[in-house]
Amino acid sequence: MTKYIFVTGGVVSSVGKGITVASIGTVLKSRGISVSVQKLDPYLNVDPGTMSPYQHGEVFVTGDGAETDLDLGNYERFIDIDLTAESNTTSGQVYSAVIAKERRGDFLGGTIQVVPHLTGEIKDRFRKLADKSKADVLLIEVGGTVGDIEGQPFLEAIRQMRKDVGRDNVLYVHVTLLPYIGPTQELKTKPTQHSVNELRRIGIQPDVIVCRSDISIPEAIRDKISLFCDVDREAVIFCPTVNSIYEVPLVLESEGLGDFMVRKLDLKAHPPQLDSWREMVSCFSGACDTVRIALVGKYVELKDAYYSVREALTHAAMHHGRKLQIDWVQSEDLERPGGEKLLEHAQGIIVPGGFGDRGIEGMIKAAKYARVHKVPYFGLCLGLQIMVIEFGRHVLSAARANSTEFDAGTAHPVIDIMPEQKVVCGKGGTMRLGNWPCQVVPGTKAAAAYGKELVYERHRHRFEFNNRYLDSYRAAGMVFSGLSPDRKLVEVCELADHPWMVACQFHPEFTSRPGKPQPLFRDFIGAAKDVLREGSQAALPLAAE
Ligand code: GLN
């Protein structure tokens, strides 16, 4: 029978609840306990696929093609599991499902209410994932902060679960912040007390309190929180900010959270095996040489928009024993005269995914710079389309080469909407999504990276390379190194005459894991790490424009 760990957040959002949940997963898995995870998002959107990155950060795509919260990326990376659509439940989905049932007549004349109908639908989703995953423990994170109006049905549902599955099969973990007051040099527990009171008001008494803080926490605080919040002293877990998010499982373990959970839930477990995790983290913190990558995008003010890209770069840098330094380059800044200066320190340039035409010309400049100066380049989805447009304009001299996404009437639509997308009207969940197979062409850089001929990667796009241009691109030196098995879609392209200029129509960032870097990311950083640039020992000789 599956046991449940519910994680709520208090005091403020962005306190690190997602990383805590992911790290609890690591700690349990290290004891041989199988884990699955579900994120509950209180907003009314059906999924984050239609939200602006400014509102929501990255949209994480699962293998089965669900557009989900970025926390799922952390769960997958920390626990090394592949999640599915069932791992993200939003209020939008819950309300839609209940209303659809009502319209079908499933409730036989009853009045439809938040309790028990909405809460019942939420609990069904817990059970469905428990049945499907057969996990020993289902970790459930309630998004938002305790006290939010729209989060109430979720909190009520997790409260009811205690009675449904039995007190001993449920653990409530509350993650809070201890704010630091500078003038008195104190960490304050009052907001934690208040948020625990708020939880109790709706009938939930937390079993564990994870205290986040930017500085180390004095021991006396453990007693205070234990007393005021009525939790065991050993269940007050300190989690001060650390250098890398991958250290958090080790912090929770050393605070005794693993043993506490095993005991409280009476789980069958072996002693924790975290040696390889520890080694991975120590390699990372021990690295002194850096590898410097320019990430060129339009949402760079908001790093969360490129969360998985940053993590995948980190894993690859870790693999090569380097510290990652990212220059976040706003693509519009490259459009100004002299903008290239922003790239002159970069040992590698990455152009990640994106939508809409803002900043596109800057990205094209970045691709040209990488090609001409032979700086390693990695294009992800939009980054492939940019590489293709740049090549069309400057190598094939088709000055107006473009994607029909940015210029519907372009004379050279080198990137065009996929035929099956032409008939799509709705916006939500309608792109080409999730895992699709890709046949890798032997003898290419892509083949060298993957070391196999058939790979599956996750997608999220509507536009594609226009096959009418295949021959002219090939003749000019572009290599199409990954194709869909029916050979209709270009999945990977690269330049023969360049140290490493590779781009893919999919999103390889979603499958990278610490200790297991995604192969293309690994080889991109491998190519970048020894490149000498401005400010490094010797300047790279620049090829003529
Ligand atoms: N806007 C492009 C498309 O839809 C690229 C999408 C992306 O980068 N995810 O094809």
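Keep in mind that glycine also has a Cβ here, set from the backbone N, Cα and C atoms.
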In TrEMBL, ATP binding by SER14, VAL15, GLY16, LYS17, GLY18, ILE19, VAL242 extends, among ASP69, ASP71, ASP80, ASP289, to ASP71
Checking TrEMBL, the member of LYS128, LYS132, LYS134, LYS224 that binds UTP with SER13, LYS188, THR189, LYS190, PRO191, THR192, GLN193 is LYS224
Per TrEMBL: L-glutamine is bound by TYR54, GLY354, LEU382, GLY383, LEU384, GLN385, GLU405, and from ARG292, ARG458, ARG462 the site also lists ARG462
Here the 10 Å Cβ neighbour count for VAL15 (ATP binding site) comes out at 20
Simplified to three states, DSSP reports GLU141 (Mg(2+) binding site) as strand
What remains of the recorded positions THR189, THR192, LYS224, CYS381 after requiring a CB under 6 angstroms from ligand 1 is CYS381
Same-chain residues at least 6 positions away from LYS17 (ATP binding site) with a Cβ under 8 Å from its Cβ, in sequence order, are VAL7, THR8, GLY9, GLU141, VAL175
Here the recorded positions are LYS188, LYS190, THR192, GLN193, CYS381, and the Cα closest to that of ILE19 (ATP binding site) is found at THR192
Counting Cβ atoms within 10 Å of each Cβ, the densest environment among the recorded positions ILE19, VAL242, CYS381 belongs to CYS381
